[in-house]
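Q: Just passing along the structure, written as structure tokens.
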Amino acid sequence: MPVQQDPLPMTTTSLAGNGKPTKSDAVPAISLRNDDHDAHAKRSIGDILLICTVTFAAILNTANSTAVSLSLPTIGRDLNIAESNLQWIISAYSLSSGCLLIYSGVSSPSSSDAHGWVSSAWDVGSPKITLDILRGLQGLGPAAATPAAIGILAHTFPPSPRRSIAFATFAAGAPVGGVVGNIIGGVLTQCTAQSWRSTFWFMTGLSALCCLGGLISIDADDPYALPDKRIDWLWAFLVTTGLISIVFVLSDGTTAPDGWKTGYIIALLVVGVFFLVLFVPWERFLERVHAQGGEVSQRWWTPPPLMLVSIWGRANGRLAAMLAIAFSEWCSFNSFLFWVQLYYQDYLGLKPILTMVRLLPMSAAGVTCNVIVALVVGRVPIVYLVVIGMLFTGASNLLFAVIVPSAPYWAFGFLAAIISVAGADFVFVTGTLFITRVCLPHELSVGGAIFQTITQLGTAFGLAISTVVFNATLKSRSESLGVALNKGGTNAPKPAQLTAYKDAMWSGFAFALFGVLLAGFFLRGVGIVGHRKADSDSKGEKATHVSEKPDIEAINESGSD
């Protein structure tokens, strides 16, 4: 009589006298299946908790900007800050975060994420110059957490639909953070005795909660973490000084005592350009020294490079183009976000809560965009997603550039809020996925850090340029109406204010259009950067991502047609 087959896998082949598997043999088989099921369930729960934690970090990163942004008019009145100088409260956060992101990228992923408590520490504080300084220190938190989050997701999820979903969920943290920030900033600023200070207290609690989630869900570093832990603190300081100097010159050049001819404006411009020009060849030198090894690489003055210059040339320079596109998108989007809430509160005279209500559609649209991109990123070439997204962001700026104040909200404001977020969501997801395909495994955190650095610097640069446009237009238009502006510009006539807001929006439109041109020219041959289930089934998911090779060759070949 043939042996009766047990539906469960057996660990041995011994049979009893009746030709059936013995009980002692069947129990280990059941135990093995249960153990595998339990391990898979625990791994799935751990993955979900990990995604939730890094997404929460992304939520806080955006909420720390939008909550404060919505409070800017109130902060300006309380601390007597001119409208032309309010952008520093946002730029200080973006600059410090952007400049230190690369340092965090060369740190180990889990330790960087654990350092996210820095954000909560600097939430408690905050008048005038002090507020700008504390906002800069607050930016240390996302500088540590953001590149680590990208590296952790890339190492945890090998190329598969799960990776696309993980990154899309992480990207959804931005629009959700917009919701949280708008609600916190609007409600607490208007309805609490502490006014705008309440937002910082509330964000402190949320940041501490995120830190706890990171300690629970993030594993220890991978064994291939870079052994050389030296940091080039000197050039980290110099490049930060250079970037801050240039942004300060751009934002304050028109309002200085003698305009662009003012002595300190010229001096800071020279210093900023000098440090930035020297930074790139110095980093290239350090990269070559460490690639060759030897005694020179171990000397005190040759620490590991803060930025791998060679990464910019990956995929025949398309990675550099992707970074430039992200820079343009963040210039456009954050310029729009900054000026639209000032338009609502300072020009139309709306309260913070009413402004919050008008901006809420952005958050709902952002979540929808991330769902869409998660579904199509494995089927649609990157160039179409980037171009469509940036056209939408440009169109939102255009709507406010031609806005009629007497028109209802639904005619201009609602449509602009709905479409404005498409560019940031599409570019973030496709950009981070593109980086994971062209970077080596040990470079993923550095690549993610460079991408995030570019976006944060884009925020500061976009605000600086649009502020220059706003100030110049406000001054010239006021003079044409026979009004000499006071130092704070508070006596500007309404027509001059409206023209200045519109011209600032035109600058945002120009940034988006520039990004569209870059995408159309450089990303045409890149193809699809996401992953479909069919791709995973045919290749099989790998047990670890450590040995995964980048897709540089495939992207190079697809772009050479």
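The backbone N, Cα and C atoms fix where each Cβ goes, glycine too.
So TrEMBL lists these for the protein:
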- 1-527: domain 'Major facilitator superfamily (MFS) profile' (DOMAIN)
- 1-27: region 'Disordered' (REGION)
- 165-188: transmembrane segment (TRANSMEM)
- 200-220: transmembrane segment (TRANSMEM)
- 232-251: transmembrane segment (TRANSMEM)
- 263-282: transmembrane segment (TRANSMEM)
- 319-339: transmembrane segment (TRANSMEM)
- 359-377: transmembrane segment (TRANSMEM)
- 382-403: transmembrane segment (TRANSMEM)
- 409-434: transmembrane segment (TRANSMEM)
- 446-470: transmembrane segment (TRANSMEM)
- 504-523: transmembrane segment (TRANSMEM)
- 532-561: region 'Disordered' (REGION)
- 532-552: compositional bias 'Basic and acidic residues' (COMPBIAS)
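In the displayed structure, how are the listed features positioned relative to their neighbours?
A: Within the chain carrying the transmembrane segment (165-188), a Cβ under 8 angstroms from the stretch's Cβ atoms is held by residues 47, 51, 54-71, 149-150, 153, 156-157, 194-196, 198-199, 202-203, 206, 352-353, 355-357, 359-360, 362-367, 369-371, 373-374, 377, 421, 424-425, 428-429, 432-433, 436, all 6 or more beyond its ends.
For the transmembrane segment (319-339), the residues of the chain that approach it from at least six positions outside its boundaries are 65-66, 69, 87, 90, 94, 311-313, 386, 389-390, 393-394, 396-397, 400, 416, 420-421, 423-424, 427-428, 431, 434-435, 438, 450-451, 454-459, 461-463, 465-466, 470, 501, 504-505, 507-509, 511-512, 514-515, 518-519, 521-523, judged by C-beta separation under 8 angstroms.
Counting same-chain residues at least six beyond the ends of the transmembrane segment (409-434), those with a Cβ under 8 angstroms from any Cβ of the stretch are 150, 163-164, 167-168, 170-172, 174-175, 178, 315, 318-319, 322-323, 325-326, 329-330, 332-333, 336-337, 340, 358-363, 365-366, 369-370, 373-374, 377, 382, 385-386, 388-397, 399-400, 403, 448, 451, 455, 512, 515, 526, 529-530.
With a cut-off of 8 Å between Cβ atoms, the residues of this chain six or more beyond the transmembrane segment (504-523) that come close are 317-318, 321-322, 324-325, 328-329, 331-333, 335-336, 339, 382-383, 386-387, 390-391, 393-394, 397-398, 400-401, 423, 427, 462, 465-467, 469-470, 473.
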Q: By Cβ distance under 8 Å, which residues at least 6 away from the ends of the transmembrane segment (263-282) in the same chain are close to it?
A: 235, 238-239, 241-246, 248-249, 252-253, 256, 309
Q: Please identify the stretch among 232-251, 359-377, 382-403 with the greatest number of Cβ pairs below 8 Å relative to the transmembrane segment (446-470).
A: 232-251
